[in-house]
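A.B. asks: Grabbed the feature section from Swiss-Prot, which reads as follows:
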- 1-19: signal peptide (SIGNAL)
- ASN88: N-linked glycosylation site (CARBOHYD)
- ASN117: N-linked glycosylation site (CARBOHYD)
- ASN133: N-linked glycosylation site (CARBOHYD)
- ASN163: N-linked glycosylation site (CARBOHYD)
- ASN182: N-linked glycosylation site (CARBOHYD)
- ASN189: N-linked glycosylation site (CARBOHYD)
- ASN238: N-linked glycosylation site (CARBOHYD)
- ASN262: N-linked glycosylation site (CARBOHYD)
Amino acid sequence: MNKLIFIIICLGIVDKTISSDFKSYNDGIYSFTYDNICSFKNSIRDQDVYELYYVQAPLLYATYGNLLEKINAYHSGIVLYNKNNGPNITIDYYAIPSFEATLFPKSIIKDSQGNYNITWDTHGLIEVTNYINETYWNKRQLIMYDLSGIQIKQYLSWAPIYNKTHTFYNLFNIESDLSISNSSKIYKNSSTCDDFVWASFDVLYKLGGTIASVQSDPQRDDIKLFISSGEPKIVDYNDSIKRNQIASFFNELKDFANLGKNKTALEIFNELITFFNGYFYCYIDGEYYEMKLSKQNPISFTYLPSPIPIGKRNFNEIKKLGFCK
């Protein structure tokens, strides 16, 4: 079964809100987000030396434990290990209020005129903690070493800028159908925990981090929608006909999530393939996009090695906060 379909079914089976991360911390452990990160940044000592680890945890761990690890579905982040017995750092980008909220609207309500109103509650948030949850982050790989406290401060000054330009958590890369042309054209990029991690690798490399010797590039999840209709079209939400079409689409998608309770995996898969061959809608950065998915290969979910930075470093490309009050 396609991994995304399996995840959607899992979301439908569970009736409670699902957090994308495990947020239970002991006393003395503090969390900082992009709007108050300076409080944490100013506690880091310039002379400290850090190692950077790429860490992963099974997706929806708080609800399913290690189950989704079996299909290589992970939440990812970065751990900065302090070699001078100073504070360790964990930083990740996650979906709030839940992973489910990235796929389904908060509410779809029909008014007295028979028209729908759709409400979303989904965002992407960077969180920094002075703690490493060894139980939760059960996979790790050394990526860089010899990062100074000064470089870590500079990195933490970059993170709020990233979050302000990536306020929505978006699961999908949207690309042209490979069967139509020899090369794929990317129309929309995803904005996920993995995307944040790889952006962090790039920034920390430019700041002077030394790449560790690894046998292969680290692996990451990647979900792609392949479309045959050309560039996705922004839908006019104020057009009641279009809005009702969007509402019907997401109601159907939610119904598919609930099918896992009384249908076989093969039945669900076949129905979803038929569904995906029609028009598809995505909610990205506060806009609705309409597209026609490829009949041959509408969607892919991969877990493959992805390159880490090499070559020339350009420190001046990094946008960051100039100072912290």
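Yeah, the Cβs are placed from backbone N, Cα and C, and that goes for glycine too.
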A.B. asks: In whole Å, how far is ASN117 (N-linked glycosylation site) from ASN238 (N-linked glycosylation site) when you measure between their Cα atoms?
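C.D. replies: One finds 10 Å between the Cα atoms of these residues.
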A.B. asks: Among the glycosylation sites ASN163, ASN189, ASN238, point out the residue whose Cβ has the most other Cβ atoms within 10 Å, with all shown protein chains included in the count.
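C.D. replies: Neighbour-count leader: ASN163.
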A.B. asks: If H, G and I count as helix, E and B as strand, and all else as coil, what does DSSP give for ASN163 (N-linked glycosylation site)?
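C.D. replies: Helix, per DSSP.
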A.B. asks: List nothing but the one residue from ASN88, ASN117, ASN133 whose Cβ has the fewest other Cβ atoms within 10 Å; the candidates are the glycosylation sites.
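C.D. replies: With the glycosylation sites ASN88, ASN117, ASN133, fewest surrounding Cβ atoms within 10 Å: ASN117.
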A.B. asks: Where ASN163 (N-linked glycosylation site) and ASN189 (N-linked glycosylation site) are concerned, what is their Cα separation in Å, rounded?
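C.D. replies: Taking the Cα atoms only, ASN163 (N-linked glycosylation site) lies 15 Å from ASN189 (N-linked glycosylation site).
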A.B. asks: If we check Cα distances from ASN117 (N-linked glycosylation site), which of the glycosylation sites ASN88, ASN133, ASN189 wins as closest?
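C.D. replies: Out of the listed candidates, the nearest Cα belongs to ASN189.
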